[in-house]
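S.K.: There's a structure below that I have some questions on.
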Amino acid sequence: MAVDSAGASVAERVRAVVEAHSTDRGALLPILHGIQAEFGYIDPEVVPILAAELNMSRADVHGVITFYSDFRSEPAGTATVRLCRAEACQSVGADKLVADAEQVFGVKVGQTTPDGSVTLDQVFCLGNCALGPAAQINGKMYGRVDRSRLVEILANGVQQ
């Protein structure tokens, strides 16, 4: 991850994100969100750069990245499907939806399809409890999702 397509080095782009948040209290989280927005994920190669820029240990930076499920250390698929597994959604069929999604996409939760089209994730509450089972696809919330609706949403093209 040394040089991107625009010719700027990854380190330069990371430092630009750090600089944009240099006056923020507790800047690490907004910086990590900024880096993920910039690159689509947080490459492990940027951890030493962040640690040096923020005067933190690599372990501290890595610990924050791995603690929060929203941060990725590898690129996600074109569509990121997040299925709610909290109790309210489980009571109306979330477990079946997860099993169906794994069958439809041919991957387990936490994996990306070999063609890079879909990443399947689980979360433990999307805050859409009244409309469970809930799914979030590329940031857009959907309620009362079943196998056919999930396939339909993805077939109709999900906007990033």
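Positions of Cβ are set from backbone N, Cα and C atoms, glycine also.
Copying in the features that TrEMBL gives for the protein in this structure:
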BINDING   C84, C89, C125, C129  [2Fe-2S] cluster binding site
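Could you place the listed features in the three-dimensional structure?
M.R.: For C129 ([2Fe-2S] cluster binding site), the same-chain residues lying six or more positions away in sequence with a CB closer than 8 A to its CB are A86, A88, C89.
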S.K.: Select the most exposed residue of C89, C125, where exposure means the fewest other Cβ atoms within 10 Å, treating these as the binding-site residues.
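M.R.: With the binding-site residues C89, C125, fewest surrounding Cβ atoms within 10 Å: C125.
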S.K.: Near C84 ([2Fe-2S] cluster binding site), which residues of its chain come within a Cβ-Cβ distance under 8 Å, counting only those 6 or more away in sequence?
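M.R.: Result: A94, Q122, V123, F124, C125, L126, N128, G132, P133, A134, A135, Q136.
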S.K.: Helix, strand or coil by DSSP: which one applies to C89 ([2Fe-2S] cluster binding site)?
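M.R.: The residue in question, C89 ([2Fe-2S] cluster binding site), is helix (DSSP, three-state).
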S.K.: Under a three-state reduction of DSSP output, how is C125 ([2Fe-2S] cluster binding site) classified: helix, strand, or coil?
M.R.: coil
